[in-house]
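Undergrad: So TrEMBL lists the following for this protein:
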- 1-241: domain 'Deacetylase sirtuin-type' (DOMAIN)
- 21-40, 100-103, 184-186, 210-212, ALA228: NAD(+) binding site (BINDING)
- TYR65, ARG68: substrate binding site (BINDING)
- HIS118: active site, proton acceptor (ACT_SITE)
- CYS126, CYS129, CYS145, CYS148: Zn(2+) binding site (BINDING)
Amino acid sequence: MPRPIAADPVSAPQKIVVLTGAGISAESGIATFRAADGLWEQHRIEDVATPEGFARDPALVHRFYNARRAAAASAAPNAAHKALARLQAAGRHDLLIVTQNVDDLHERGGASSVLHMHGSLAGALCADCGHRWPAPAVMAQEDPCPACHAAATRPDIVWFGEIPYHMDRIWGALREADLFVSIGTSGQVYPAAAFAQDAARAGAQTLELNLDPSALTAEFDEARQGPATRLVPAWVDSLLA
Ligand code: APR
Ligand code: ZN
């Protein structure tokens, strides 16, 4: 049940945690997952986003991520990515950007120190020794690992059933946050789907900026519906006014 909203919850916060999902990149032309034409309508999660799927057919998984890497490379950051970078650059708030996305549009939009909790298309990982290195545009399992030379190359993406990255840092920031803002996510995948509750339990105000109501909208102190390229710049302008 949303709590009474403080006088102006968006002007007072010092420590802000922002979580983004596929919706922030949608207006850059990158497919989301659960829309009618989403990625999970075209591919079975168990085939392309699980360790078992990779073990069964690594070439299929590499085709899926090579296509997403190419789509991300040809996309441009939009006004929402750039607004968050502007907020970070203003330096007036302690802002942590956490993303579920694996594209690099936050960084190409000017943001720094973005936490990719589901990994990144820009990374390659050796399934044998755990070595990480910059991903080539087109990756194949037989690419030899630069460290152990095994033919065990996989995308550095966190698949279902694997442990998301940076969780200690994220949970620590949620415990300290004055404001948690969720942008462009359907709130259906944990642990990210619990972040609003985690932050609220620690006393933060919570704000959702999303095209449509999500599975979690009722949990937020305030929820605004609309395209991220309109809502996020307006929210950042209200903070920097
Ligand atoms: N502006 C704002 N929000 C938008 C826009 C837009 N232009 N377009 C779509 N959205 C919203 C949708 O309303 C939806 O709630 O973005 C959300 C996208 O939801 P999903 O497709 O489920 O993507 P996401 O929430 O990021 O998925 C989370 O699930 O499959 C895993 O690892 C994958 O990181 C992903 C995770
Ligand atoms: Zn290796």
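For all residues, glycine too, the Cβ spot is worked out from N, Cα and C.
Keep in mind it's a predicted model, so treat the numbers as computed, not measured.
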Undergrad: Given the binding-site residues PHE33, ARG68, GLN100, CYS129, LEU211, tell me which ones have a C-alpha lying within 10 Å of the C-alpha of the residue listed as 'active site, proton acceptor'.
TA: GLN100
Undergrad: Filtering ASP37, ARG68, GLN100, CYS126, CYS145, GLY184 (binding-site residues) by proximity to ligand 2: which pass a Cβ cutoff of under 6 Å to any of its atoms?
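TA: CYS126, CYS145, by Cβ distance under 6 Å.
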Undergrad: Within 8 Å of the centroid of the Cβ atoms of CYS126, CYS129, CYS145, CYS148, which other residues of that chain place their own Cβ, given that this set defines the recorded Zn(2+) site?
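TA: Result: ALA127, ASP128, GLY130, HIS131, PRO146, ALA147, HIS149, ALA150, ALA152.
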Undergrad: Compute the C-alpha separation of TYR65 (substrate binding site) from PHE33 (NAD(+) binding site), stating it in Å without decimals.
TA: 14
Undergrad: Looking only at C-alpha atoms, tell me how far PHE33 (NAD(+) binding site) is from CYS145 (Zn(2+) binding site), rounded to the nearest Å.
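TA: One finds 30 Å between the Cα atoms of these residues.
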Undergrad: Find the one among the binding-site residues ARG68, CYS126, CYS145, CYS148 whose C-alpha lies closest to that of GLY184 (NAD(+) binding site).
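TA: Sorting the binding-site residues by distance from GLY184 (NAD(+) binding site), the top entry is ARG68.
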Undergrad: Of the binding-site residues CYS129, CYS145, CYS148, which one sits closest to GLY29 (NAD(+) binding site) when you measure Cα to Cα?
TA: CYS145
